């Protein structure tokens with residue numbers, strides 16, 4: 001029986017090594033727009049945008065600034081040991097979408113079924129052995145009542161916090177660095193206090209204006225020049241589309257950034273500009289009225305009866321916004337990078353169409369397009385298929401072979417994980433399952449893309465169609481990949497610039 005199993009193994013291995021070269025010519029376009037829900041740009045009359053990581057993209061220096069400033073706040077204001085100052089920001093440590101167990105001080109990746117991906121649980125800067133994780137959680141499943149709340153936050157009864165926005169990468173890294181220092185030096189500490197102190201320090205970097213002043217003082221260092229952003233806004237304006245901006249950032253910060261990215265006449269492109277909106281409260285709290293922001297940031301006390309083009313408004317709420325503009329339902333498309341704060345309420349409660357900006361998408365697709373990744377994934381699928389078919393052989397000799405295959409399968413999984421991030425892998429997958437992050441992305445975003453510049457690849461009559469993937473009980477009659485191979489069509493490359 002061992003010989004029969006090995007011959008099947010070798011046959012699958014041979015077929016993988018002889019993969020049709022045409023597969024390498026049918027790669028995904030990193031600049032494409034991907035659809036979770038069918039949507040036509042022809043139906044969109046109004047385009048809305050967040051500012052940070054949607055219109056404005058930041059350099060790597062910004063996360064270092066946030067990390068260093070928050071670390072120093074812990075030392076100077078919360079009396080943390082000065083020795084933590086030796087820790088520096090590592091941009092390759094954390095990824096977006098991770099969960100943090102506030103009471104256990106553990107950072108981890110969780111899949112769409114609430115299962116922890118073993119091998120991605122970190123205490124400090126070191127991975128926790130799988131056996132210890134299973135003992136702590138009595139398995140690898142996290143019950144619903146322990147998960148983060150609707151907006152990814154840790155609240156009463158929820159012991160998990162999910163880090164969803166790009167600004168959270170320094171926060172995760174700082175949490176793990178301070179944890180690491182305490183553990184290495186055998187210092188007894190309360191994990192809840194550490195979490196709250198780091199959270200407050202990170203918040204102070206924003207709320208006290210430290211980040212805003214630093215960026216405004218050296219805008220070329222921190223903001224990536226937005227020539228493509230300017231092109232997108234200009235094209236939409238030339239096609240007669242209404243546009244608005246709703247951001248949590250302050251007026252002077254947005255103004256300086258947009259002057260740099262678009263030009264001093266940037267307000268001429270927008271019909272409505274709202275700053276310090278306090279999303280997601282902006283979408284739910286009816287009590288806060290708009291205030292007009294005059295020159296030099298002076299707030300006027302006039303009652304707002306109209307939202308005027310060329311003016312800037314602070315706070316307010318979506319219900320008043322809808323009343324004053326009449327922009328309702330599926331004719332509005334809003335873009336943001338934060339799945340919860342920017343998109344969730346809009347799609348669930350107000351019927352707006354939503355677009356998620358996922359900067360990590362491009363680098364992940366570029367990895368998936370490599371021949372090494374393609375062959376590794378093909379072998380992983382082939383090996384999994386072998387295990388599924390050959391598990392019926394229960395004799396001792398066959399089971400020894402199967403155990404070797406199971407071990408190799410896990411090693412191959414670990415290899416694919418490290419291709420994206422050595423600690424946590426892809427932000428979209430936990431082994432074979434989607435991540436919790438992707439589950440929320442799929443639910444709250446009609447379309448998603450690496451940046452707004454992807455819109456330049458499509459005309460404004462384009463309809464985005466989600467790929468039909470067979471359900472587990474459905475027969476895969478003809479996949480898109482097979483169709484593309486048949487007609488030699490490069491996937492995701494059938495795009496035309498806006499004219």
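Glycine residues also receive a Cβ, built from the backbone N, Cα and C atoms like all the rest.
Some features that Swiss-Prot has for this protein:
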BINDING   50, 52, 337  Mg(2+) binding site
ACT_SITE  50  active site, nucleophile
ACT_SITE  52  active site, proton donor
BINDING   199, 200, 201, 202, 203, 204, 205, 206, 207  substrate binding site
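Features per Swiss-Prot, on structure.
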| residue | record | DSSP class |
| --- | --- | --- |
| 50 | Mg(2+) binding site | coil |
| 199 | substrate binding site | helix |
| 205 | substrate binding site | helix |
| 337 | Mg(2+) binding site | coil |
One residue among the binding-site residues 199, 203 has the fewest other C-beta atoms within 10 A of its C-beta, namely 203
So for residue 205 (substrate binding site), how many other CB atoms are inside 10 Å of its CB?
23
Can you check which residues sit near residue 207 (substrate binding site), meaning Cβ under 8 Å from its Cβ, same chain, 6 or more apart in sequence, and list them in order?
none
Can you give me the residues near the recorded Mg(2+) site, meaning same chain, not 50, 52, 337 themselves, Cβ no more than 8 Å from the center of the site's Cβ atoms?
51, 53, 54, 55, 56, 165, 166, 247, 336, 338, 342, 357
If the substrate site is taken as the center of the Cβ atoms of 199, 200, 201, 202, 203, 204, 205, 206, 207, which further residues of that chain fall within 8 Å of it by their Cβ?
70, 73, 208
Round to the nearest Å and give the CA-to-CA distance linking residue 203 (substrate binding site) with residue 52 (Mg(2+) binding site).
16
How far is it from residue 201 (substrate binding site) to residue 52 (Mg(2+) binding site), counting Cα to Cα, in Å?
20
Using the alpha carbons only, what distance in Å do you get between residue 52 (Mg(2+) binding site) and residue 205 (substrate binding site) once rounded?
15
Tertiary neighbours of residue 50 (Mg(2+) binding site) (same chain, Cβ under 8 Å, six or more apart)
245, 246, 247, 279, 334, 335, 336, 337, 338, 342, 357
With every protein chain in view, how many other Cβ atoms are within 10 Å of the Cβ of residue 337 (Mg(2+) binding site)?
23
Over all shown protein chains, what is the count of other CB atoms within 10 A of the CB belonging to residue 52 (Mg(2+) binding site)?
22
